[in-house]
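Chemist: The structure follows.
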């Protein structure tokens, strides 16, 4: 082996080490903005809607720090993988609040890596009717679209049933049925229905108030009540729940099934588009036929992935396409849930 | 800085995994480059999708098993048809790779569910578990034993297959065994490295080493050094800059390749 070749290799590897170390040092210097106290309770959230809910519940409460995992800039959360920064934060976190329902594909890995981390699954809380009796009927299961599960539906609790009326036997039966569904893809974009979002806020507040067994008034319970009232009073559906009640709509993103549900509309055709979705010609023609056959007047879509299909729909049918936000991307502040939902309803109102 | 990094269990596991996988890539990569099998290993990587799809169809809970079985069958079938000499091997590999990828995509994207499997495209070394590290240790041992036993015969075949045959080396058996070994390495590490990057990690260190080596010993040593260095350096940089680990490793391996290319041209 020639000596100068060995020197070259050593110099090369040293140069790369020096350049990458210096680059990394300055990168860390520029991006290091952690100022919160280390002894605060660190509450991590998995996605923007859950983050917004938690921010509101813990607004101004001392001793807590809320941080969201890094969010993908495009696409949905299902296929998101954790970054090193996320893993670092999780290792220090006291609680991880997730949307659940299969939204966080990495959850099993997290549970395996951090067995002591308390995980609050808001979807599971609603699904198992933990304080939200009747709301589990609002969860949309994919199987129900494919198979006729009328018999199963009959065994589900009705909306408005109070906890006292539900015997333990029925409760267990419902949980078992739902576990079956949960294993097979559920539509987990539950925050898009404001009623379910309120349940998510309740689930988060319950988990954070857990040590307070006597349910005395605390800053957290005060925030929870305030935010619940805000959601109740400030979300303005602009009469759409009356205008669209019982009418047929089509959707180009499964999140909007919950938007339709919150307005009382029936989803008669779904084509879930994202950055990896490749649609077949047969699927498109079936979708267009469903729009025509069911006299669909309005289609809910996400602009990034639904625009070209939206243009095709408007060209081929009489339906109008409205582009809505799913609240997954972007930087959101504490008031953004209400703002974005109201903006979505305004867009629908404008197109009608 | 480094003590903080290793206070995280996931970083310790990822570092161990890198220290196990990267020397294997460096070692096996030399023979892949030598035997001009870069396209073959790339095709194998892409066939992982079909392996997962086959597992999904057959209801196998652990798709790694279906990936390994499919990968081995795919590699042996490719070798078998290549030997028939009906078509040039690059055309044949291209046909097989395209077909396997399309089949995998078609099955996995049925009903719009491809997003459930898309994580395998880029891989995720940070989520490796202890059980999976044990798997990698077993793989490391298997490849090391095979390498020690077969390196001379493989080198002879890569230089001149007919000459190797005349020296009583079973070319067919060795080629098949090496193909199975690549399939095992690719399928067992693809979950951590990703389909899009695995071939880069197999080829770049060996290709860099080839640029400056004058004999097979140098070729192997440099390849292993470049591979381990890229892996460890890429992991550390990705830790501090919060960038994906796999691409960062490939970027460093690419820098080494270009530097050795310029040096080798002198």
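Including glycine, each Cβ sits where the backbone N, Cα and C put it.
Pulled from TrEMBL, these are the listed features:
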type	residues	note
TRANSMEM	B:12-32	transmembrane segment
TRANSMEM	B:52-78	transmembrane segment
TRANSMEM	B:90-108	transmembrane segment
TRANSMEM	B:136-157	transmembrane segment
TRANSMEM	B:177-207	transmembrane segment
TRANSMEM	B:219-240	transmembrane segment
TRANSMEM	B:246-264	transmembrane segment
Chemist: Could you check whether the transmembrane segment (B:52-78) packs against the transmembrane segment (B:177-207) - three or more CB pairs closer than 8 Å, residues at least 6 apart in sequence?
Modeler: yes
Chemist: In terms of Cβ proximity under 8 Å, which residues at least six beyond the ends of the transmembrane segment (B:136-157) contact it?
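Modeler: For the transmembrane segment (B:136-157), the nonlocal Cβ contacts are 17, 20-21, 23-24, 27-28, 31, 34-35, 163-164, 167, 169, 171, 174-175, 177-178, 181, 184-185, 188-189, 216.
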Chemist: For the transmembrane segment (B:12-32), which recorded stretch in the set B:90-108, B:177-207, B:219-240, B:246-264 gives the largest number of Cβ pairs separated by under 8 Å?
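Modeler: Between the candidates B:90-108, B:177-207, B:219-240, B:246-264, the best contact partner of the transmembrane segment (B:12-32) is B:219-240.
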Chemist: Sequence-remote contacts (6 or more beyond its ends) of the transmembrane segment (B:219-240), Cβ cut-off under 8 Å?
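Modeler: For the transmembrane segment (B:219-240), the sequence-distant neighbours (Cβ-Cβ under 8 Å, at least 6 residues beyond its ends) are 5, 11, 14-15, 18-19, 21-23, 25-27, 29-30, 34, 125, 201, 204-206, 208-210, 212-213, 246, 248-253, 256.
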